Structures are given as structure tokens and as C-alpha cells.
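According to TrEMBL, the protein has these features:
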type: DOMAIN; residues: 51-117; note: domain 'HMA'
type: DOMAIN; residues: 129-195; note: domain 'HMA'
type: DOMAIN; residues: 204-270; note: domain 'HMA'
type: TRANSMEM; residues: 299-320; note: transmembrane segment
type: TRANSMEM; residues: 332-353; note: transmembrane segment
type: TRANSMEM; residues: 374-392; note: transmembrane segment
type: TRANSMEM; residues: 404-422; note: transmembrane segment
type: TRANSMEM; residues: 565-584; note: transmembrane segment
type: TRANSMEM; residues: 604-624; note: transmembrane segment
type: TRANSMEM; residues: 924-944; note: transmembrane segment
type: TRANSMEM; residues: 950-973; note: transmembrane segment
Amino acid sequence: MATKLLSLTCIRKERFSERYPLVRKHLTRSRDGGGGSSSETAAFEIDDPISRAVFQVLGMTCSACAGSVEKAIKRLPGIHDAVIDALNNRAQILFYPNSVDVETIRETIEDAGFEASLIENEANERSRQVCRIRINGMTCTSCSSTIERVLQSVNGVQRAHVALAIEEAEIHYDPRLLSYDRLLEEIENAGFEAVLISTGEDVSKIDLKIDGELTDESMKVIERSLEALPGVQSVEISHGTDKISVLYKPDVTGPRNFIQVIESTVFGHSGHIKATIFSEGGVGRESQKQGEIKQYYKSFLWSLVFTVPVFLTAMVFMYIPGIKDLLMFKVINMLTVGEIIRCVLATPVQFVIGWRFYTGSYKALRRGSANMDVLIALGTNAAYFYSLYTVLRAATSPDFKGVDFFETSAMLISFIILGKYLEVMAKGKTSQAIAKLMNLAPDTAILLSLDKEGNVTGEEEIDGRLIQKNDVIKIVPGAKVASDGYVIWGQSHVNESMITGEARPVAKRKGDTVIGGTLNENGVLHVKVTRVGSESALAQIVRLVESAQLAKAPVQKLADRISKFFVPLVIFLSFSTWLAWFLAGKLHWYPESWIPSSMDSFELALQFGISVMVIACPCALGLATPTAVMVGTGVGASQGVLIKGGQALERAHKVNCIVFDKTGTLTMGKPVVVKTKLLKNMVLREFYELVAATEVNSEHPLAKAIVEYAKKFRDDEENPAWPEACDFVSITGKGVKATVKGREIMVGNKNLMNDHKVIIPDDAEELLADSEDMAQTGILVSINSELIGVLSVSDPLKPSAREAISILKSMNIKSIMVTGDNWGTANSIAREVGIDSVIAEAKPEQKAEKVKELQAAGHVVAMVGDGINDSPALVAADVGMAIGAGTDIAIEAADIVLMKSNLEDVITAIDLSRKTFSRIRLTYVWALGYNLMGIPIAAGVLFPGTRFRLPPWIAGAAMAASSVSVVCCSLLLKNYKRPKKLDHLEIREIQVERV
């Protein structure tokens, strides 16, 4: 999006980026009711000695608290400024890092009697790098929490998030202090397998394969040649595979340049060679997940081979005459054939197939924690080694009578592996949204060759990954758009539903933008590529959904807290259960008739203890939130609603008040001049020439509408040259003025005219009132301090606006409109859509203040705007929704990005968040209820009255089933359907557009 900078300031940056640091890169405009006033702000990184830090300060209750914190901080040397926000518990400090550091500031705040934690340190932002790592071997929240603690303890790590459900970590670190190799090493030292996914978002990576005869000298020449190219960050050669990995900046260079350099460098030196895109058969999250599924499936089949005979010899064949006699045949002393068979078959299950539980337990205990592997290993070992003891006693004693539990340990491991197999399969389905998005990009593209005049001289089919910025590609009917760009020739309709969720094909003609991955329907298009690789809209959406799945919801903290003491508590309860039943048996506190004929009191107590240990399931608690968030964000993405993680989801379901911007949100955002009234004799062409020459310098939507209308008086010129405007000034919230052809021109609202002592006659006042009554914006034009004309500009309402507001009312959500337009127009629009509360003539920072007032009154506030001019309010709101952002996703300012311009997506976002958190509550109730009920039953509380007990292998099966059921419960969200009322809205909107 092209932007013209009229003012440069760093003060706004502080407001915009309090929650999201990158929002300072965005342009901010203040819309008003004037004729083109535009307060535009762009904040850039400025290389000066002042740094900024934002702290969360807990304990402030009033302005007096904020004042005491501010005084304490300002006493420190090196403090440039301090702004304390008691309402949001934030402190923003501008300081000189050579004189004072953030730790000293934090200690000063705490010395003043408040709790402080660093949220953002701008001094580190320039040296911040983001690294994503896939982690294999995590089984529960204890594992993910441990890895987070390990990473957070590494010097140079600024932030680390570990997501159990997708088995990935996102780490923000200072590359000056450590490398990603160190991070991989730390994770592996903690006992997990770590695989690097990416090292940052500012570069792209491509792997090339070289076919041909190559020498070491040739490879060195290729490496040096590639490193010399502009935009290449690094080159890595994998010896033995002829693979070259290149990290590069896609806006500077691209893979076709690399292939050309490789082939031209070596030609004639080592014979002709060919370079192609390296393919490893789909290496990535999906292939790794499929490999894990196959591994569990194979382990389960092998466990069945050994476990089924163990089960049959212990539980079935003992009741079949003949076979029973064979199994009870004594080989040595009291040792029977059946015991030998069960021991031989159970041993590989315990130590080969179940080896993963031993390694998992060892790694967990080595790092000072305990996970599900510890419970399984203890439970199965207790059963196996007691059984081994009975076998040895039977072989060495002529009168020993005991019962083995080999079937318990073997069946436990088999059922748990089956559960893990089903769980991994179910978890794989939760991430299908990302897989579908990544598969949208076509495999090939048609590259056009153009001459200097822009005529097509040839075309070539190339690999889609070889497209570079500024290429011109051909899109035929029925083909997917290969990359983001804009149409330079042709017209067609493009189906963008897979990206934006918009069901109707969108008309495209010269100058219109297209999105990579969308489907061309009925015409040929020539598209100039503007964004490739990680810059593309598709890549941004995939990255946003991945980040959303990495971010933890606040409700997840409950599971994290429980996981810290869950396993030790279960071990204690298991031991206590065994001890209580053992003592009760020895002391004859229950009749001997309670003891099964095949057991003694010790064995009965042992079975109760093992059942308690293996029925407890920390995984179900750990998976409840992340799997629901994964599915919820994936479903949202498929409907054009991009939700930035669990925190945004959790806040959205509590929203009870929504603040709407007017222009582009409630209205179409495409204002047009509908009426012109001249108050003095003047040729309309000359009038609009002067007005357009003034307004062409502004980026305000109303200014653009006036300039577009003025073109009609210039003999259909597409881009006319307007007279030069001197001394141009943009006056925030009022309008613009400039000198054109020696005359002073002012275009704006009444306030602008009053400030410059321009008399507004009664007939002009009447024209303004009439415009406002019709929900139009009245704009005044003066020449040399004399009012000459009145323009009426209309921005029609969106067809669905009124019904959307009505649906929100039925959901008990209050709607408020905040706009920079005048009060008359604002009230007319509000009446038309059914909004009762209106704030007009508001600047961007005033919108943010209104949001804070609503929050102070107890409302959970969502702000809906276009993500650019509403950045302060989007950041201040509990939930910021950027509507109609399209390919220019205002990711940093908003919590939720609505790809379409439809207001019904606001309802979809809130309804989806409510459904998701309803599912999270359900899974939490099930997971907690399962453990709270299952552990006492396994401990034998029902046994005295009913003689009912849970054998350990059934308890283990129940534990495995609980994890699978939690994931499947979250998967039901994939069937989410938006409210039926919205379908009627969409049908009506289509009918209106056709009319």
C-alpha cells in the first residue's frame, strides 16, 4: 500500500507499540469530516541514544500510586521521561542505556512498593531474532514447561514459547549472545530431539540440488559466487549430497539467479551441470507426524504379537481343559509352563517395545521433573518385577504359591501405545488447517518474457518456487494464481474463498491486486509479482496461524500449575493405596473372603497401587486447551477470520461492548462526491481544478474522492497533471490549505473556516445541515478567504450493517460508533444502523481514550477498525479487530484480523471464540472429573461394598482413552457452523450487490 508521509513523529510510536512492538511500522491517519485533512504518522527506528522499556506494574490503585512510581523513576540518572498508566498497569520509560539499565529501573519500581516485570525493551529489538524449533519426545505439559524453563534460563533468550499440541517452540533471542545451535543443544541436553525449522522471518531459504560432475574446487567456486550476490545472507554446502542451502532476501534476489550463477560458473570448468530445487519427499511437520504415526502403529502391532498370547495363557486357556493341564505342568519345583511362556513373551514388551517409557522417565528425572512416562514405567515395572520375583521363587521353592502379573505389564504397555497412536492421529487432524493453506500454492507457473515496450515475446513453465519479485506471470482460466501481485493486462473473476473466506468470485482488471493461491475462473490475466516467499499473503497467514497455535491461552496456566505437582502426588497416592490395603490385610481389617482365590493380601494391595498409578492422566489436562485453540484458529482461518492465539480467543469470548469505526467499517469506505453547490459565479471546471490541486497532496479518503470526481472535468484524462500547490498545510481534524495559481485555497470543515475568519453564509449552513441529515459529509471550499462552494460526499452503508448490529444486540453486546466525522453525519449513520451511542470528531488518540473509559466502566471492549488509522484504539482495546485488511494484514495492531470487509465476520469471530471456550471448559471438566473419579475407584473405594475393582490393564486403557477423548472433543470444533442468521445476511448482501 502506497503511503505518503506528511509528518514524522516518535511520540505516537510509544502509544501504538505498547502491546505490539512492530505496530510502529504502520502508518496512522486521522479521518475527520473535513475535506481532506490527514494527520498521518509513520514511526521508524531512529538511531539515537534513547531506548524505551515497558513494564507491567501490579499494585497501583489510583493516580497517587502512579505519581509515586513516576517520581521514584525520575530520580534515577539517565531517565529521559516516564509515563505511568495506572489504568492498564503499565509504565513506559525513555532512558539512556549508558547511564541506567532496565534492571535498575525495575528494582526502583519494586522499592516503591509495587511488583514490576519487563514487557518490552526496545534496546533489544534491533538485536532480536526469532527461531522456531520442532521438538520430538514431549508427552505432557510437564515436558513443555520444563523446556520453557530450560530455554528461559539461557543467557540471551528473551522469550520462549513451547506448544505441546504442535510440538514446536518459538524462541526470541539475542544473536549477539548465542546462536540457534546453542538452543538446539540445550533442548537436546534436556532429553528431547530438536530440529530447526527457521531462524528468522526476514530471509527465505531454498535448497538446490546440483547434478553433474563436481570437484571440491568447483563447489568452493559455487559457494563464493553465490555469497557474492546481493541479498544472499549465507550459503551452506552439504558434502556428499550435492545440496546447497541458500538464505536470501526475496526482495533483492531469488532462486533463478542462483541457478543461473551455478550453471554459468561451472560450465566449461567441470563439464555441464544442472541445478534444480532440492526435494526430500515432503520433509516438514506433516511428514514427521506421519512418521510418528507409523512408528506407533508398528510398535502396537509388535506389542500385540507378544501380548495376545500372554493374555490368552493367563485369562482364557486356564479355563480350557487339556490346555490348562499343559500350562500348569511344573517344570522346576513350582515353576509352571504357563509362567515361563508369559515371562518370555512379556519381557520384550517390557524392555524393547516399552523402552521409550524408560528413556522418557530417565530424561524427566534427570532434569528434576516427573511426567507420564514416570507413572507408566513405575506401574509396569512394579507388575513385571513382582511377577519375575514369583517366577524365581517358584523355581527355587518346592512349596511357594504365587500369582504373576505379566499380562498386566504387557497389556498396560500395549493399551498405552494404542492410545498414543490414536492421540497422535487425532492431533494430526487438528493442524490440517495449516496443511491446507500450505498446499494452496501451485506447483508450477507460466513466466512471461517482455520486451522494452511491454509486449510478450515468449513464455516458459517454471517451478512455482522459482518465481521472483517483479516477474510477470500468466494465469490461465482454471489455474491458481502463483504469487501475490497486480494485474497489468486482462480481466477475469478470481475465487478468493480459500484465502479470505469470500464465497463470491471477485472481478479483476488492470491495476487490481491478486493473492497467491486463489483460483482464476474465466479469463486470462498477466500479473506482475510484488511479493514472494515469506512476504506473500499466504505465508503471512500460515505464519499467523502457526504463531496463534504457539501462543498459550491464559486458562492454560491452570493445567501448567497442576502439572507441576500432579505426578508426584499420584506416586504418593499410589504408594499410600498399596500401603493402606497391605496393612489392612495384615491386620485383618477386612475379611479374607474379599481376597480373590488366586491372590494374597500383598498382591491385592499391589494391584490397587498399580491401578492408581496408571489410571492418572496428566496428558488429558495438558491437551485440553492447546488442541481446542489449534482447531479453533484453524477453523477461523478457513472462514477468513485470523485469530492471534489463545489469549485473543479467551478475551473475545468475554466481549460485551464493541466500538466501531465508521469509514470503511460500517460504511463501504469508498466515498463519492454526490453534490456540488457554488455560491459565486465560477466555471465548475476551474473550481475543481483548484480544489483537486490542493487535495491531491492528501491521502485522506475524502480527498481522494474529490480528486477522482475532478477528473471528470479534464476530458477523461486518466492521470491529469494538476496545477502546482505551494505552501501546502494539513490541519489535523479540520482540512487542508495551499496556494494554487497565486490564490489561497482552503478545503475543510466549519472549524477550519472559523479559525481563518471565513464567513459562512446562511445558505451554506443550510446546505451543510441538509447533507448531514442525509448521512453525507459536507465540505466547504474558500478562495482568498471567501466561501465559494459546498461539496456533499457520501459513503454508503454496507448492506449488512444494520442486521449485524441487530444480531449483536441479541447477543447482549453493546455497540458504539467512534468516528472523526462531524456530529450530524455521525448521528445520521448511527440512526440508520441502530447504534445509540456515538462519539464524533474524534482523533485517533481520542478513540483510544474512549476505549479506556469503557474498560474502566467494567466493559470488555472490542475495537473494530481498518487496522491502520485506528491503531491506537486497536491496541488499547481488549480485543482489536482489523476489518477489511485483505492482503495488507495489520497483524501487529490487531488481535483478530478479518480478511473480508463483511461485518458478519465480527459476529463469527465472537461466536467462534465462545464455542471454542465452551469446548475448553467441557474438556477441562472431563479431564479433571476423570482423574478425580478414576483415582478413587482405582484405589478401591467401591471394593468393600460392591467387590468392584479396576485391574491395572483396564486402568491403563482408561488412561489412554481419556487423552484420545479430549483430542476428539476438540476435533468436533471442525464442524463449527456460523450462526444461521449470518447466512441470511450474506444472501441479502449478494442480492443488494446484484441490484
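Every residue gets a Cβ built from N, Cα and C, even glycine.
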Contact set, same chain, for the transmembrane segment (299-320): CB under 8 Å, 6 or more residues outside the stretch: 327, 338, 341-342, 345-346, 348-349, 353, 404, 406-407, 410-411, 413-414, 417-418, 421
Leading stretch by Cβ pairs under 8 Å, where the reference is the transmembrane segment (924-944) and the options are 332-353, 404-422, 565-584, 604-624, 950-973: 604-624
Among the ranges 332-353, 374-392, 565-584, the one whose Cβ pairs under 8 Å to the transmembrane segment (950-973) are most numerous: 374-392
Long-range Cβ neighbours of the transmembrane segment (374-392) (under 8 Å; 6 or more residues past either end): 335, 339-340, 342-343, 346, 350, 354, 357-358, 360-361, 364-365, 400, 402-406, 408-409, 412-413, 416, 567, 570-571, 574, 603, 606, 609-610, 613-614, 616, 952, 956
Close approaches to the transmembrane segment (332-353) from elsewhere in its chain (Cβ under 8 angstroms; 6 or more beyond its ends): 299, 302-303, 306-307, 309-310, 313-314, 317-318, 326, 380-381, 384, 387-388, 390-391, 393-401, 404, 406-407, 409-410, 413-414, 417
Summary of DSSP states over the domain 'HMA' (129-195), given as helix, strand and coil counts: 22 helix, 24 strand, 21 coil
Confidence summary (mean pLDDT) of the domain 'HMA' (129-195): 83
Residue counts (helix, strand, coil, in that order) that DSSP gives for the domain 'HMA' (51-117): 22 helix, 24 strand, 21 coil
